[in-house]
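Have a look at the structure below, then the notes.
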There are 2 protein chains.
Amino acid sequence: MKRETVAGTAMLVTALLVAAVSERLHAEDDAALLKQAQALFKPLPQTMGTPDFPTTPARVALGRMLFFDPRWTLEGNVSCATCHQPALYGTDALAKSIGVQHRTHPRNAPTVLNAGLSFVQHWWGDRKNLEDQVEQALIGVFSSGHPDPAAVTARIEAIEGYASPFRQAFADEAKPITSVNIGKAIGAYERTLLTPSPFDAYLRGDTRALSPMARSGLQRFITRGCASCHDGTGIGGQMFQKFGVVEEYWKATGSPEIDKGRFGFTKDPADLYVFKVPSLRNAAMTPPYFHDGSVATLDEAVKVMGRVQLGRTLPDAEIGEIVAFLGALTGTLPASFVSAPTLPSAAVKRGW
Amino acid sequence: MKRETVAGTAMLVTALLVAAVSERLHAEDDAALLKQAQALFKPLPQTMGTPDFPTTPARVALGRMLFFDPRWTLEGNVSCATCHQPALYGTDALAKSIGVQHRTHPRNAPTVLNAGLSFVQHWWGDRKNLEDQVEQALIGVFSSGHPDPAAVTARIEAIEGYASPFRQAFADEAKPITSVNIGKAIGAYERTLLTPSPFDAYLRGDTRALSPMARSGLQRFITRGCASCHDGTGIGGQMFQKFGVVEEYWKATGSPEIDKGRFGFTKDPADLYVFKVPSLRNAAMTPPYFHDGSVATLDEAVKVMGRVQLGRTLPDAEIGEIVAFLGALTGTLPASFVSAPTLPSAAVKRGW
């Protein structure tokens, strides 16, 4: 054996040893990261139904019809699916939705996907749950435009094909077409809209479900402190927080108007600029960002968060990693959301 | 054998003979009716593509995305699917659609389903084909709201995820994002939207595909003269005709405004109150009826046609039969229409 061959072999052995050790270290890091992640986040449940708000097949089917039906809103041209479009991951890609009678909604429309995971609804948290959100939307000036719930139920009663699905969904009620039941039905449908993602597979133990870059992003997401608010099953949606801890948010977002946040609802000075922390599930598919849709890209949104919440200028490489992690929160759309139901045939009558 | 048994047997034999003869007569009637129908109508083809307007998979996939995408219209809130909703059989159930900037369309939105079967597009026939319709809609004041096609292509170019599908659909073009190609892509998608119905099975020889009542309705439809205009593959959509042959149409429809029909386009007095004869496929699922959506139910629409086109008061029983026949024109929705594509992620930016 020549000297150079021996030297070559020694180098190769050393290289292999280094690689093996480094791989073991990586594996240890991976295991530690997974453990950290499992302590902070939870994978999706099978359903978002509860004993009070069960996702019975009849309610879900009815709720799906009502969700896609524009005929019961004031002018018959706006449905839940107008602002929560299947093609756009349950959003409309607008900063602020254009609703009934061309009225602009006051805040950005969040996706309906996984919305039932949030502890309250709406950016201000002024809707208790999905059912409350729907019930208030029935008479919302932007969403439906009707002056009272009776105007909505009259519309639905006029579509004969709704009689049977309402009877099936609320079998023990003599007069099932009520605003409470519309809330329960659409709520039940929305409580089925879960989107399992690579991150859920990861949390269940499949570390390879995240790319190395996404795993680095997850590590950053935890160590930088993002996960102290964006945690739990929703990766957010579990608490209220002030937007703009170290700097006024609008200086970073370029918001054209200043939204005072939950203060607008409670009038409590402690709630000034306080918003519900949004779930980050499907964030990559649901631009624009923040309560006013003032930021168009996810990179920019992460940068803004670093600046106004953490007081840091996050390096571009780090932003890229965090965005890669957020991409792993993009889930599979439910078939019952991607496809529209066939609605009972009836025209929107003039003079209704 | 007792007398009464003999008599009973004779009666039974007679009854059976009568039934057999009557069945043979029915069978002969059925065969004759089928023959008549086959001479007047044609079952759906496999595709509505043509050598000039091929339905290549890449074009269809791109067209489907553009069809469901609201982001390229003026305010980013109106897509083709706004007025042509999957849940409502390709319509919006409104008398007249509410389009961009809350502008009301001048005429009722027909379904996009099977639209490629019609010899021209729009009630006035002022669109040559589907591709022409789309191209003009790109700068339509109601449908898109943009002043010129460049505004549309700029919007689409701003969504990075469209670059690749356009390149695939128009592989030999250096700059494929053009209004002509948008027309070709959406047109190609629409040319796949066929809805096979029980009547198509009937025309292929399966007489049992229509109920006895629907067959009676078909017979009426032919003998009353409906089929002289509503014929061919589309059961209509093959010619222009004056609406209101024996009586001014608005006296029967209660139309709030008088639409002068194709005259508005050609300025030829011969075109006064002349409209494209609409296809009746899926009529039962696409109320309201006529160019202005002035009639809410199919029963009433058939009655109006009897009155203003034929000068007859059709008996209710006959209307019921004709409506049963029209119900057999309700087809199966294509999966690519019922379900929405996932659009490339990008926000509608303010100030676009």
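Using N, Cα and C of the backbone, Cβ positions are placed for all residues, glycine too.
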Of B:MET65, B:MET285, B:MET305, residue recorded by TrEMBL at the heme c 2 site of B:CYS226, B:CYS229, B:HIS230: B:MET305
Secondary-structure category, per DSSP, in which B:HIS84 (heme c 1 binding site) falls: coil
Distance, B:HIS84 (heme c 1 binding site) to B:CYS229 (heme c 2 binding site) (CA atoms, angstrom): 25
Entry from the binding-site residues list B:HIS84, B:HIS230 having the most other CB atoms no farther than 10 A: B:HIS230
Lowest local Cβ density among B:CYS80, B:CYS226, B:CYS229, B:MET305, which the record lists as binding-site residues, within 10 Å: B:CYS229
Mean predicted confidence [pLDDT] for the domain 'Cytochrome c' (B:212-330): 98
Chain-internal residues near B:CYS83 (heme c 1 binding site), provided their CB is under 8 angstroms and they sit 6+ positions away: B:THR91, B:ASP92, B:SER97, B:GLY99, B:HIS105, B:ALA109, B:SER143
Reduced DSSP assignment, B:HIS230 (heme c 2 binding site): coil
Residues within 8 Å of the B:CYS80, B:CYS83, B:HIS84 Cβ centre (excluding the heme c 1 site residues themselves): B:PHE67, B:SER79, B:ALA81, B:THR82, B:GLN85, B:GLY90, B:ASP92, B:SER97, B:ALA109, B:VAL112
Counts of helix, strand and coil residues, the domain 'Cytochrome c' (B:212-330), according to DSSP: 55 helix, 10 strand, 54 coil
